[in-house]
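Per Swiss-Prot, these features apply:
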| type | residues | note |
| --- | --- | --- |
| TOPO_DOM | 1-124 | topological domain 'Cytoplasmic' |
| MOD_RES | Met1 | N-acetylmethionine |
| DOMAIN | 19-97 | domain 'Cytochrome b5 heme-binding' |
| TRANSMEM | 125-145 | transmembrane segment |
| TOPO_DOM | 146-160 | topological domain 'Lumenal' |
| TRANSMEM | 161-180 | transmembrane segment |
| TOPO_DOM | 181-268 | topological domain 'Cytoplasmic' |
| MOTIF | 182-186 | motif 'Histidine box-1' |
| MOTIF | 219-223 | motif 'Histidine box-2' |
| TRANSMEM | 269-289 | transmembrane segment |
| TOPO_DOM | 290-308 | topological domain 'Lumenal' |
| TRANSMEM | 309-329 | transmembrane segment |
| TOPO_DOM | 330-447 | topological domain 'Cytoplasmic' |
| MOTIF | 385-389 | motif 'Histidine box-3' |
Amino acid sequence: MAPDPVPTPGPASAQLRQTRYFTWEEVAQRSGREKERWLVIDRKVYNISDFSRRHPGGSRVISHYAGQDATDPFVAFHINKGLVRKYMNSLLIGELAPEQPSFEPTKNKALTDEFRELRATVERMGLMKANHLFFLVYLLHILLLDVAAWLTLWIFGTSLVPFILCAVLLSTVQAQAGWLQHDFGHLSVFGTSTWNHLLHHFVIGHLKGAPASWWNHMHFQHHAKPNCFRKDPDINMHPLFFALGKVLPVELGREKKKHMPYNHQHKYFFLIGPPALLPLYFQWYIFYFVVQRKKWVDLAWMLSFYARIFFTYMPLLGLKGFLGLFFIVRFLESNWFVWVTQMNHIPMHIDHDRNVDWVSTQLQATCNVHQSAFNNWFSGHLNFQIEHHLFPTMPRHNYHKVAPLVQSLCAKYGIKYESKPLLTAFADIVYSLKESGQLWLDAYLHQ
């Protein structure tokens, strides 16, 4: 540890309050591998060992930055940073020693400094403020589609054509509600967390039947460390079902591990990926999650969804028809959800956490899909995935405004800013799985 400065004569209380100084080496040792977890924000060192379990955003997301500088993710994720800092005072244990740099040598200082200037510019431009009318209209269009689905059966009967049309409309409702709950979950609609949380519960719980706490727990980790093995839950299918990226498959091959025939994963992806994720996994796991963690408020919101659809569709369809409709909707929604959410990340760099700077962390793991009215609607503006990852609390209707500024920053520092057509993005998922599988096979057979 860097030596503390020599105490100067003064009141005893002043000496007790004397600042402790630490080095990056000391901080890095408190990464949670043992008992202690420290992190750094604006050169101040915080001990989060006990607090991590009480962290409102989830215990894992904050622990993923243990032993590291967390200044940029702290700024990115919190909308009321002044209030949060007051609660952080009890965790403060010292500062970085004066001779220590402001962040680790693995991070690009010039890039980080310029991104922080860009962040300040974005805030001055008002791009972090939401247009509430946009989100109101978006919610209304979801509710209208929901009503239209029920009216289709009520007016035209339950024969095949109205039944299929109803299923398509309900699938659209579920997909679009998924994008809208994402907005509220990221605190990007209202200026206070309270209103965002309330509407998040309504949309994800009552309109979709899923728990807000589960989404927070999973999704914030993804944003904190995208495509980082054992830190991003979105790539937890590695290595049980898939070998992902270019680094991890080679590791598996060299270790002679074969949980699945990965060289065929680009084929079985169509069976266990898009069609199965929601109806065969998420649909059941979310109930285990809320009961195991005693999230009774979430459970109540979820049950309100099931009660609503049961009492509105059972009288029209009967039990068998209702269950058939429900699982067809989940099947269609699952395909929509998986293709859209994976197109931005699976073809990109996947590795262990290398503790690089915020911009590099997000750009190496993320790509965009070209803007169009359809692409924006179909993906819930997640075609602007780069901008969303750099500024997760930014309202989605402002992504296209900040995109040129991000492109300029990337060009200046030689960072690839990748954007592609929608169908190309879908195809790249399959191509990347095929390439990863071949890398695994080569390492498995020859290394």
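Just so you know, glycine gets a Cβ as well, placed from its N, Cα and C.
For the transmembrane segment (125-145), the partner stretch with the most Cβ pairs below 8 Å, chosen from 161-180, 269-289, 309-329, is 161-180. Nonlocal intrachain contacts for the motif 'Histidine box-2' (219-223), taken as residues 6+ away from its ends with a CB within less than 8 angstroms of a stretch CB, comprise 57-58, 60-61, 64, 76-77, 182, 185, 231-234, 389, 392. Sequence-distant contacts of the motif 'Histidine box-1' (182-186) (same chain, at least 6 residues past either end, Cβ-Cβ under 8 Å): 135, 196-197, 199-200, 203-204, 212, 215-216, 219, 380, 382, 392-393, 395-396. Summarised as a single figure, the pLDDT of the topological domain 'Cytoplasmic' (181-268) averages 97.
The DSSP breakdown of the motif 'Histidine box-1' (182-186), given as helix, strand and coil counts, is 4 helix, 0 strand, 1 coil.
Broken down with DSSP, the topological domain 'Lumenal' (290-308) shows 16 helix, 0 strand, 3 coil. If you look at the topological domain 'Lumenal' (146-160), the same-chain residues 6 or more away from its ends with a CB under 8 A from one of its CBs are 166, 169-170, 173, 207, 312-313, 316-317, 321. Helix, strand and coil residue tallies for the motif 'Histidine box-2' (219-223), in that order: 5 helix, 0 strand, 0 coil [DSSP]. Proximity of distant same-chain residues to the motif 'Histidine box-3' (385-389), defined by a Cβ-Cβ separation under 8 Å and at least 6 residues beyond the stretch ends, is recorded for 223, 226, 344-345, 362-363, 365-369, 396, 399, 402-403, 406, 417.
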